Amino acid sequence: MRWPWSGHDEEKKRNAATRSKRAETANSWTGTLLESRTLVPSVALTVSTVLGLRLYKAYFRRIPTVNHIKPDYFRRRTLFGQVTSVGDADNFRLYHTPGGRLAGWGWLPWKTVPTKREALVKQTVGPVLILWRLRPRRISSDWMLKAIQLHIRIAGVDAPELAHWGREAQPYSKEALDWLTQLILHQRVRVRLYRRDQYDRVVAQVYYRRWFFRQDVGLEMLKMGLATVYEAKSGAEFGDVEQQYRAAEEKAKESRAGMWAKPNLLQRLGGAGTKAPESPREYKSRHTAAEKQKKAAW
């Protein structure tokens, strides 16, 4: 004969057994997770994933434009890339290739640097398709090219000005442009970032490799007499090479290199004087003053 309360006692025993089984299962899972054979690989995977993401963001993520450069990169970081075009004797377009050949640039099919305008434009069709549909007349191929390249202004130097905006070309402006184009166009260079200027260009010191030696593009231009030291009252950037730049300019003047050469007989007969050539800064100041006088006269 069963006792009246025997069913209640059995139910308590079953509940207690269930709780005990659950506790054993939880302890078993905890023990398994805390075992070295499980814990060590889990921690290693987590740490490697976090470090990999940080490494990618810091060194292997492509920076297409100046808007993607973090403020703390200036004066601290360098970027490696390929020159896609040279627009003037002291500035050019750079396609950032983080990691260089070690990261696959130049030999992996999906990591090729476009060298033609059409190929550069195609890279931006996807990102700007919506904008093009909204503003079809405002999205030009020039705008698309700017969306995937960095506009670099060589720091510390000022090259002779080409003809533009109705202004005449300075002597040796074409020679300076041809020299720079031959030196760096479609070549890989490294740029040390200094700042962003008012034209959304990156003012940077530019280096290229000649065999195993690193050469400073700005310094070489000064030695060749194809540029002057940058003399604007504001915005000059030299890093730690200002004295080296000024010494190179003085040496070029003494040796009559490039723009510092004395005019030959034909040039003198054509009206060229023997006074010192007009520097790019003097050229800009002269035209700016003339334009102000013209506006004041109106």
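Cβ from N, Cα, C; glycine included.
Given the structure is predicted, the values throughout are model-derived calculations rather than measurements.
Database features, via Swiss-Prot:
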| type | residues | note |
| --- | --- | --- |
| REGION | 1-24 | region 'Disordered' |
| TRANSMEM | 39-56 | transmembrane segment |
| DOMAIN | 77-262 | domain 'TNase-like' |
| ACT_SITE | Arg153 | active site |
| BINDING | Asp158 | Ca(2+) binding site |
| ACT_SITE | Glu161 | active site |
| ACT_SITE | Arg201 | active site |
| REGION | 269-298 | region 'Disordered' |
| COMPBIAS | 278-298 | compositional bias 'Basic and acidic residues' |
Field: Rounded Cα-Cα span from Arg201 (active site) to Arg153 (active site), Å
entry: 6
Field: Tertiary neighbours of Glu161 (active site) (same chain, Cβ under 8 Å, six or more apart)
entry: Arg167, Ala169, Gln170, Ser173, Pro280, Tyr283, Lys284
Message: Would you identify which of the active-site residues Arg153, Arg201 has the most other C-beta atoms lying within 10 angstroms of its C-beta?
response: Arg153
Message: Can you work out the mean pLDDT of the predicted model over the domain 'TNase-like' (77-262)?
response: 87
Query: Could you tell me the C-alpha distance between Asp158 (Ca(2+) binding site) and Arg201 (active site) in angstrom, no decimals?
result: 15
Field: Other CB atoms, at most 10 A from the CB of Asp158 (Ca(2+) binding site)
entry: 22
